[in-house]
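Peer 1: There's a structure below that I have some questions on.
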Amino acid sequence: MKPAAPHSLLLSSLCLALCCLGGARGSRRSGNHEWKKLIMVHHWPVTVCKEVENDCRDPPDYWTIHGLWPDKAEECNGSWPFNLEEIKDLLPKMKMYWPDVIHPLNHSHFWKHEWEKHGTCAAQVDALNSQKKYFGGSLDLYQGLALNSMLQKLGIKPSINYYQISDIKDALAGIYGVIPKVQCLPPKQGEEVQTIGQIELCFTKELRLRNCTEPGEPGGAGGAGGPGLEVCEDGPAFYPPPQQTAP
Ligand code: 5GP
C-alpha cells in the first residue's frame with residue numbers, strides 16, 4: 001500500500017483533532033446526541049426557592065417535576081419549537097405537577113426551556129417523539145412513581161430534624177428496586193448541614209426503571225440541574241418544611 005502523503009496525514013490529524021475538540025465541547029449541544037438513560041428529576045420547591053434566593057410565594061408543598069432528561073444529550077433539535085397548543089389538554093396536570101416554581105405566573109417559559117434542552121433529545125424514542133408524548137409521558141412516569149406518597153409511607157417528611165442521606169437512598173431503593181440519586185444544596189455560611197433539593201429516578205429507553213448509578217459508584221457528578229446543587233454528601237441533611245407566609 002502506498003504510504004500516505006505528508007499533507008494528507010496532516011489533514012487527517014487536523015480533522016481528528018477538530019472532531020475530538022467538537023466532541024469534548026459539543027457533546028451536550030450538538031454532534032453526538034447518543035444517550036442511554038432518562039432521568040426523572042423531582043425537585044423540592046422549598047429548596048428551589050432557597051437556591052435562587054427569590055422570594056417565591058407559597059411554593060407547592062409536594063415534590064414537583066423539574067424535568068425528564070436524557071443523560072448525555074442536550075438541545076438536539078433547534079428547529080423544533082415549543083408549541084403550547086400541542087399540550088393544551090395537559091395544562092391542568094402540567095400546572096399542578098410541573099409548575100415553574102420560580103415564576104409561578106408564567107409556567108410556559110420553563111416548559112419551553114425543558115422541551116428545547118431535554119425534550120428534543122428524549123424525542124429520539126418513539127414513546128416520547130412529540131411534545132404531547134414527551135410532556136404526557138413525563139407526567140405519567142411522575143404519577144406512576146408517586147414519590148410524594150412513597151415518601152409519606154416511608155415516614156420521610158419535611159422536618160426540622162435532620163435525615164441521614166443513606167437512610168433516604170436506602171428507603172427509596174427498597175421501594176423502587178433501583179438506585180436513585182439525591183441532590184443537595186451544600187451548607188451555606190452559618191448552616192450546619194446540606195439541604196435536600198432533588199430526587200432522581202432513572203429509566204431505560206424502554207421506560208423501565210433502572211439504577212441511576214451502579215452499586216459502589218459514587219453519586220455521579222454532573223447533571224445537577226441547578227447552580228448550587230450537588231450530589232448529596234453521605235451524612236445528615238435538612239429536608240426543609242414549607243414556610244408559612246402571613247395571610
Ligand atoms: P435544566 O436547565 O437542566 O433544565 O435545569 C437547570 C436550571 O433550571 C437551573 O438553572 C435551575 O435554576 C433552573 N430551575 C430549576 N427549577 C426551576 C423552576 O421551577 N423554574 C425555572 N424557571 N427554572 C428552574
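Glycine residues also receive a Cβ, built from the backbone N, Cα and C atoms like all the rest.
Relevant sequence annotations retrieved from TrEMBL are reproduced here:
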| type | residues | note |
| --- | --- | --- |
| SIGNAL | 1-26 | signal peptide |
| ACT_SITE | HIS66 | active site |
| ACT_SITE | GLU114 | active site |
| ACT_SITE | HIS118 | active site |
| REGION | 214-247 | region 'Disordered' |
| COMPBIAS | 217-228 | compositional bias 'Gly residues' |
| COMPBIAS | 238-247 | compositional bias 'Pro residues' |
Peer 1: Are there any residues in the same chain, six or more apart in sequence, whose C-beta is under 8 angstroms from the C-beta of GLU114 (active site), and if so which?
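Peer 2: Looking at Cβ-Cβ distances below 8 Å from GLU114 (active site), excluding near sequence neighbours, one finds GLY67, LEU68.
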Peer 1: How far is it from HIS118 (active site) to HIS66 (active site), counting Cα to Cα, in Å?
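Peer 2: Given the Cα positions, HIS118 (active site) is 11 Å from HIS66 (active site).
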Peer 1: Under a three-state reduction of DSSP output, how is HIS66 (active site) classified: helix, strand, or coil?
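Peer 2: Note: HIS66 (active site) is in a strand by DSSP.
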Peer 1: Quick one: give me the count of other CB atoms within 10 A of the CB of HIS66 (active site).
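Peer 2: If we count other Cβ atoms within 10 Å of HIS66 (active site), we arrive at 26.
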Peer 1: Near the Cβ of HIS118 (active site), how many other Cβ atoms are there if near means within 10 Å?
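Peer 2: There are 26 of them.
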